[in-house]
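Q: Here's a structure for you.
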Amino acid sequence: MDLLNTLVDKGLRREVPTRDEALAVLATTDDELLDVVAAAGKVRRAWFGRRVKLNYLVNLKSGLCPEDCSYCSQRLGSKAEILKYTWLKPDDASKAAAAGVAGGAKRVCLVASGRGPTDKDVDRVSQTIAAIKEQNEGVEICACLGLLDNGQAERLRAAGADAYNHNLNTSEATYGDICTTHDFSDRVETVQQAQAAGMSACSGLIAGMGESDADLVDVVFALRELDPDSVPVNFLIPFEGTPLAKEWNLTPQRCLRILAMVRFVCPDVEVRLAGGREVHLRSLQPLALHLVNSIFLGDYLTSEGQAGKDDLAMIADAGFEVEGADTTTLPAHRRPTEAGTDAADAVPDAADAEPETAGAAPAEEARRALVAVRRRGAGTDLPPNA
Ligand code: SF4
C-alpha cells in the first residue's frame, strides 16, 4: 500500500503524517491489518529494536476523588467496588515497588487519586521516592498526582522524580463530555509544568469512550505537539458502577489500528500499552508488541492485569526482550530530557453509574468477566502481582 510505505518513510524520518494519513490507518480493513502492523513494526524496531520496557504501577491513594472523570472508578460518587485507602506509608509503597522491580520493571509509577496534590502530599511523595530509590538502585520514578500548582513540579524533580504523567485522554473538543471539573487546558498546562521543571513528560489517551476517529487523531496530534517522551495508550475498561460501563466499543483489531496510528504519529516516543490490554486485545496482545515498546507489568490501579509471569512469557514467546536497567529507553536525540515518564492513569476505572447485569449478550458477559477489581498488592495484605 502506498499509504503504508509513506508512513514508514515518514516514521523513520520523524516526520509528522497528515491527518488524512492518520485517519486512513484507522479506516484500514481487517484484510489489511497485518500489513499495518508490519509497517508500524518497522518504525518501532528502527527506534527501539525489540526491547520492551516494563513499568509498574503503585496506587498510593485509591478512590474518593472529588473530580468527575466519567471513565474513572475512583471518581466522586463511584459505585465501583474498588479498594479505597488513603496515602500508603513510604515503606509500604517501597515494598510494593520492589516487587515490580524484582519482576523486571525499570520504572515505578506512583499514582494518587485526586484533583492534585497539596504541598503536604508532595512532601509525602518525596519521602516515598526517597524510600524507593534507596532500596532499588537505578529505578526510574514517575509521579502521577493530578494537576500541579506552581512550584510543585520543581519540588518533585528535586525529590528525585524522573518523570511526571498526566494524560490528555481525549480530544479538546470532546473533553467536556468526559469531565466537567477540570478542562483540557488544565491538563496541557500540568504537562508543560513538568517539562519546564526538567521531568520527562508522559501523557497519553484513553480509547473506547465513544469518540470518533477524528477525536482520536486530534488527541494524538495534540500529544505530538506537546512532545512528551512517553505516550500511554489506554483502552477503556468499562467498570460496572461507572457512567461508561456500557461502552464496549473496541475490538482487538481496532486496538491494533489505534496503536499503529499512534506509532506513526509519535514514531520515536515510548508508546506504552496501558490499561485495557488484556480486556480488549485478548489473544492478540502479542501482536501489539510490534507496535509499542513499553507495557505495564502485572496489575493496574484498580483492576487486575494478567499475571506478571505471563507478561514475561508473552514477551519472550513473541521474540522480544525485556529492556534492562542499563539500557536507555529513548533514542539518542531525545535523551537530553530523558528520565522517566509516565505513570499513571492507566487504567480507566470506574465511577458512578448504575450497574447493569441482566440481559447481557454472551459475548458481553465474557468480556465483563475480564474486568476484575484489584484485590491484591498495594493497600491490601496480599502480595502484589509482579
Ligand atoms: S482520573 Fe484522576 S482526577 Fe479523574 S476522577 Fe479519576 S482519580 Fe480523580
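Just so it is clear, glycine is given a Cβ too, placed from its N, Cα and C backbone atoms.
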Q: Please pick, from Arg19, Arg272, Arg277, Arg282, the residue that TrEMBL records in the [2Fe-2S] cluster site together with Cys109, Cys142, Cys202.
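A: Record check against TrEMBL: [2Fe-2S] cluster site with Cys109, Cys142, Cys202, extra candidate from Arg19, Arg272, Arg277, Arg282 is Arg272.
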Q: I'd like to know which of the binding-site residues listed (Cys65, Cys69, Cys72, Cys109, Cys202, Arg272) lie near ligand 1, counting only a CB under 6 Å away.
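A: Among Cys65, Cys69, Cys72, Cys109, Cys202, Arg272, near ligand 1: Cys65, Cys69, Cys72.
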Q: So which of the binding-site residues is most packed in, judged by how many other Cβ atoms lie within 10 Å of its Cβ, out of Cys65, Cys69, Cys72, Cys142, Arg272?
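A: Its Cβ has the most other Cβ atoms within 10 Å: Cys72.
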Q: Run through the Cβ atoms and count how many others sit within 10 Å of the one on Cys202 ([2Fe-2S] cluster binding site).
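A: There are 33 of them.
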Q: Calculate the distance in Å between the alpha carbons (Cα) of Cys142 ([2Fe-2S] cluster binding site) and Cys72 ([4Fe-4S] cluster binding site), and round it to a whole number.
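A: One finds 20 Å between the Cα atoms of these residues.
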